[in-house]
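Everything on this sheet refers to the single structure shown next.
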Amino acid sequence: MKKSIRRNTTTDKSVTENEEKKTKEETLSVGYFQLFRFATCKDTLMMLAGSLCAVIHGAATPLMLLVYSRMTNTFVAYEIEVQTLKDENTTCSNNTIYWKNGSVYETAGNDSVYCGVDIEAQMTMFAYYYVGIGIGVLFVSYFQIVLWMSAAARQTYQMRKTYFKKIMQMEIGWFDCNSVGELNTRMSDDINKISNAIAEQVSIFIERMSTFVFGFLVGFIGGWKLTLVVIAVSPLIGIAAGLMAMAVARLTGRELASYAKAGAVADEVLLSMRTVAAFGGEAKEAERYDRNLEEAQIWGVKKGTILGVFQGYLWCIIFLCFALAFWYGSKLVIDTKELSPGTLIQVFFGILMAAINLGEASPCLEIFAFGRAAAKNIFDTIDRDSEIDCFSEDGHKLNRVKGDIEFHNVTFYYPSRPEVKILNDLSMQVKAGETTAFVGPSGSGKSTTIQLIQRFYDPKEGMVTLDGHDIRTLNLQWLRSLIGIVEQEPALFATTIADNIQFGRPGVTMEDIVQAAKEANAYNFIMELPQKFDTLVGEGGGQLSGGQKQRIAIARALIRNPRILLLDMATSALDNESEAVVQKALDKVCTGRTTISIAHRLSTIKNADVIIGFEHGQAVEKGTQRELIERQGVYFTLVTLQNQGTSNTNKDALEEDFKARSRTSSGRGSVRLRSQSKLSTGTLSDSIPMISDKLFSTEKTCEDDAKEIVEPAPVSRILKYNRPEWPYMLLGSLGAAFNGCINPVYAVLFSQILGTFSISDLNEQRKQINGICILFCIVAVISFFAQFLQGYAFAKSGERLTRRLRKKGFQAMLRQEIGWFDDPINSPGALTTRLATDASMVQGATGTQIGMIVNSLTSIGASFIIAFYFSWKLTFVILCFLPLIGLCGVFQAKMLTGFANDDKKAMEAAGRVSSESLFNIRTIAGLAKEGSFVESYQQKLVLPYKSERKRANIYGLCFSFSQCVLFMAYAASFRYGGHLVSSEGLQYMMVFRVITAVVTSGRALGRASSFTPDYAKAKIAAARLFRLLDRVPKISHTDGEKWDDFRGEIEFLNCNFTYPTRPDAQVLNGLVVSVKPGQTLAFVGNSGCGKSTSVQLLERFYDPTEGKVLIDGRPSHKVNVPFLRSQIGIVSQEPVLFDCSVAENIQYGDNSCSVSMDAVVEAAKKAHLHDYVMTLPDKYETQVGAQGSQMSRGQKQRIAIARAIVRNPKILLLDEATSALDTESEQIVQSALDEARKGRTCITIAHRLSTIRNADIIAVMSNGAVIEQGTHGNLMAKRGAYYELVKTGAPIS
């Protein structure tokens, strides 16, 4: 176990240790009755009533035995009478048989023989008994199911609500240590497991246990000696059942853990799909996913094998019991006459029934064990007290807030990396109403202080105070309501622009929203959108450019009217013009508020009242701009670095502005869309759109999707995927066939024993009975091996199929074009859920299911052969009832599949909300909006809850009907059997043989039909999977040409483009631009003018709607995609890193071969990363955390640059590659990039003129077209748009 986790790089070391501890804990599960902790009084009453019904239902079968035993005696007496009267010399008078000469006829045991049995009348009476019991069963079995299922639905509903609320309540540090993907899996799969453990299975378990108890009682009443003998053996059964439950729970826990890890991998990959595609990492990721699946497969096979062994053992013991019981029982009947044949049957069947029901109760125990194992994590979370509880009402609310913030000797490290100190004894003061700027290199702790002010974390030592009060003593919701925050990479929610702004403060009017939008300089661009304020921003704001997202985030902060404003590089994604306006707006709103601004762009902090310089987690200097420059410390170095190189133009201050840290991001789909600041643990884009009422388009697609879903997949195709396992399936089917024949064989042996009681020769009788007992022993041994074989072989083939389908499904997802992922239906959360549930559901049509089906079919086949052979008339009578039993099963399956669709859709809606909330947890916490997301989630749960209640009724009706049909069948068949015995001289032994055979086959049919829901679900799940596997991506990965002398000449010819999810917004409009090999082309232009989009067309994430992109003179859509991407290296503004080590992230640059450590170090040196990495405790083996969350932005950026360098590409794409760096690192990285550009075709997107001044071609873009191009010198001479930009410092972007 240890090894595999170590190998699996998806977890960082500290998490690894936790994992191991966790696995140990996981085996400990929750006590069973704790699963009902969410039951209300009403639920408890419903469950008690349901249990009572189940007990009565369980008692019905043993009760029937009493009737059965009297009936058997009647038959035996009649048979003996008939045999005796065959002798010419006997006659019947006064109900006793006499010889013709008048003496009483006596048997070998000196008994007189009773005669004059009116078999028909007796049988009619028994038939009435049966019908009466049947009607009773009809009612109680209906209520037993309905009450339990309804109660379970209510509790599950409550549990989901509580669990989600609890997660939203957790402090941010908890999210750092728990992967969001795993939490989502828990929310869907684990709660379903708990729900199964507290629903109808419980009533079935109670019913079986009740049959067990009453069976024994009936046995004791009939004959205590025999009962005791049989009971002596039964502990063997009990012990086995207990051991089995334990082993299964333990293995399930391990299997779940491996699947959760695989789920986390899938989640991470699907979120970073663009990065994976750009670096051709699809095969590598599929491998990494498969490694985790392999582990799960091993546990699954072990589980199946253990189940097989125990099942075999149980049946073996049961058959050995038969042998013992019949042998000893026949002694009591023949030798000591303590029992009559009827009571022998009653005792024996009572105990057999008790034993079988005990055996049949064991699968329920398995389900309970699963539920308990799954509940461990969920209840632990529910019981865990959040260290910083956002829903808590405690804490003061100050009447007047001045806004003085002070840090007193604060020391802090992130809970997920306790070994790295972020703040080191930091003391500083931020005065009320002043604007304080924090400056300093990346990773010096600036953003961390902001998180402490918001109380996302509590300091490990020292304290943070507001107006002299320790913020830990203040009310959290109130504290956060005072704070407005604008981050560098803002998270928007997948709803409309108006709703996003409204998240800042509930209950604002539309006027307020418009006002805030105007203040944030967002109003104009919003009004240009087709739906204005009702425009959907897409997943994580993916439909807007970076600058647009930023302005909406600013509007959201402003509408709060906060006392304290935190600006974490708030204007970094804006172009100069908007920045100037927004900066003005911010300056305006800053007045009278305490404002803290973090910026790398010194122009934005010129007007700050106080500047604090940070270094190594300490505030090393403080003062006004002038004071700090005179002091010549941290700030002075930053300023001089930023002003370097501006001396060659005479626009010092202006240029400072440009060079500064501005960044645009047409996030609409650029690689960086899927990325994340250190401040937010989950990817923004990862959230799944909450489909609001306004989202007509997706609503429609959802409906179409549902319509398509309903066509179930043909089983033959599912089996095709199982083809490599055919030897296992053959062996398993053999085992299952043997198991199937065991019941019919038992019917023959049993009736044979009954037959022996009417033999008059005692020795013959004993001899036959001994022979039959030996046969029972042989059957027992065969049964053991057959069960083991069936269990092992099918577990092996089923688990392998699940793994194969998951891997294939995952590969199919990775194959799709990027546009496919833009569709909300294919959001990462929904896809991960689909992978997890569909593949395991398909097992319902193969694997163990095949075993069950073969078992049932052979059982039915063998039974019919026996029955027709011995009495075809009677068989036909019983057959009339079989279709009814069968129909119930079919009807039930049909009803359940109908619900399966609705359920899945309903739960997906809830899953979207949960996913979005968890991924944007920091933003939600900052806005103190946890409550509204909890509410939204709860609303989405109402629908699945209602359909679950509806399902209970239908399931109850079918179940009760199929339960009572059996009693009716007994009534009719024994009544008719009596008629055949009296009128056609059929031997009574044959009546029992035929009835037992057909009823066991009916049982088998019932068993088969109980799997129909799984089977139906499996076919639908398979259809869904196959639809994914069959989908032909619009951009194929296999076809296309490759060539050897790739030069890297690029030409855009009249390219028009609209994003598939927004066909009405034209992004590129006749783009024409070309770049020769080895040249550098720089795009400049406003946010959203199509710069990043052109880069995406080059990467072939999309193909242009009209026009073409030529690469070395060949149209891009004819070029092989992996080949093309292998020639391109990309560094984007918000780079995506994977949750593995630094070295592995750099090696990701070249997935075609394994990259040597020397090459990694070489690339790191070029990207100026090496020295920093060497200061980390684990050097290159340091884990970067999920989405690189353990690294500062500048560090992430440098890793991304090293990753691109390792690739040694012919074309380098720099999408504002240095925008997240501080000035010092930027200078160095910029020179590294200049180095990397040599001899390569390079396309740069930048806001800063300094970074593009020496480009060979500068293309100025506006509204998706190039308006002018040339070198810096040419364009300045031309005195066109570019000249204006440079001269006035107007929007270069």
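Each residue, glycine too, has its Cβ placed from N, Cα and C.
The region 'Disordered' annotation in TrEMBL covers 1-21 (among others).
As annotated by TrEMBL, transmembrane segment applies to 45-68 (among others). Counting only same-chain residues 6+ beyond the ends of the transmembrane segment (45-68), those with a CB under 8 A from a CB of the stretch are 36, 39, 126, 129-130, 133, 136-137, 140-141, 143-148, 150-151, 202-204, 206-215, 217-218, 342, 345-346, 349-350, 353, 357, 963, 967, 970.
The annotation domain 'ABC transmembrane type-1' is assigned in TrEMBL to 48-369 (among others).
Per TrEMBL, transmembrane segment is recorded for 127-151 (among others).
Under the heading transmembrane segment, TrEMBL lists 202-222 (among others). When Cβ-Cβ distances below 8 Å are used as the criterion, the transmembrane segment (202-222) is approached by residues 47, 50-51, 53-59, 61-63, 65-66, 69, 141, 144-145, 147-148, 230-231, 339, 343-344, 346-355, 357-358, 360-361, 364-365, 368 of the same chain, each at least six residues removed from its ends.
For 228-249 (among others), the entry in TrEMBL reads transmembrane segment. Within the chain, the transmembrane segment (228-249) has long-range Cβ neighbours (under 8 A, six or more residues past its boundaries) at 27, 29, 216, 219, 303, 306-307, 310, 313-314, 317-318, 320-321, 324-325, 328, 348, 351, 355, 358-359, 361-362, 365-366, 368-370, 372-373.
What TrEMBL records for 306-327 (among others) is transmembrane segment.
Marked as domain 'ABC transporter' by TrEMBL: 405-641 (among others).
Per TrEMBL, the feature region 'Disordered' maps to 647-678 (among others).
Look at TrEMBL and you will find 663-677 tagged as compositional bias 'Low complexity'.
Residues or ranges marked as transmembrane segment by TrEMBL: 726-749 (among others). For the transmembrane segment (726-749), the list of distant contacts is 315, 319, 322, 772, 775-776, 779, 782-783, 785-790, 792-794, 796-797, 850-852, 854-863, 865-866, 993, 996-997, 1000-1001, 1003-1004: same-chain residues at least six beyond its ends, Cβ to Cβ under 8 Å.
Positions annotated as domain 'ABC transmembrane type-1' by TrEMBL: 730-1017 (among others).
Taken from TrEMBL, the feature transmembrane segment covers 769-795 (among others).
Residues or ranges marked as transmembrane segment by TrEMBL: 850-870 (among others).
TrEMBL lists 876-897 (among others) with the feature transmembrane segment.
As annotated by TrEMBL, transmembrane segment applies to 954-973 (among others).
Below 8 angstroms of C-beta separation, residues 300-301, 303-309, 311-313, 315-320, 322-324, 326-327, 330, 728-729, 731-732, 734-736, 738-739, 742, 745-746, 749, 752-753, 756, 847-848, 850-851, 855 of the same chain, each at least six residues beyond the ends of the transmembrane segment (769-795), sit close to that stretch.
Sequence-distant contacts of the transmembrane segment (127-151) (same chain, six or more residues past either end, CB-CB distance under 8 Å): 39, 43, 46-47, 49-51, 53-54, 56-57, 60, 63-64, 67, 198-200, 202-203, 206-207, 948-949, 951-953, 955-957, 959-961, 963-968, 970-972, 974-975. Sequence-remote contacts of a segment are chain residues at least 6 beyond its ends whose Cβ falls under 8 Å from one of its Cβ atoms, and for the transmembrane segment (850-870) they are 729, 732-733, 735-737, 739-741, 743-745, 747-748, 790-791, 793-794, 878, 990, 993-994, 997-998, 1000-1001, 1004-1005, 1007-1008, 1011. Within its own chain, the transmembrane segment (306-327) is flanked in space by residues 226, 229-230, 233-234, 236-237, 240-241, 243-244, 247-248, 251, 347-348, 351-352, 355-356, 359, 362, 366, 739, 742, 746, 749, 753, 769-770, 772-774, 776-777, 779-781, 783-792, 795, which lie at least six positions past its ends and keep a Cβ under 8 Å from the stretch. The average pLDDT the prediction assigns to the domain 'ABC transporter' (1050-1288) is 79.
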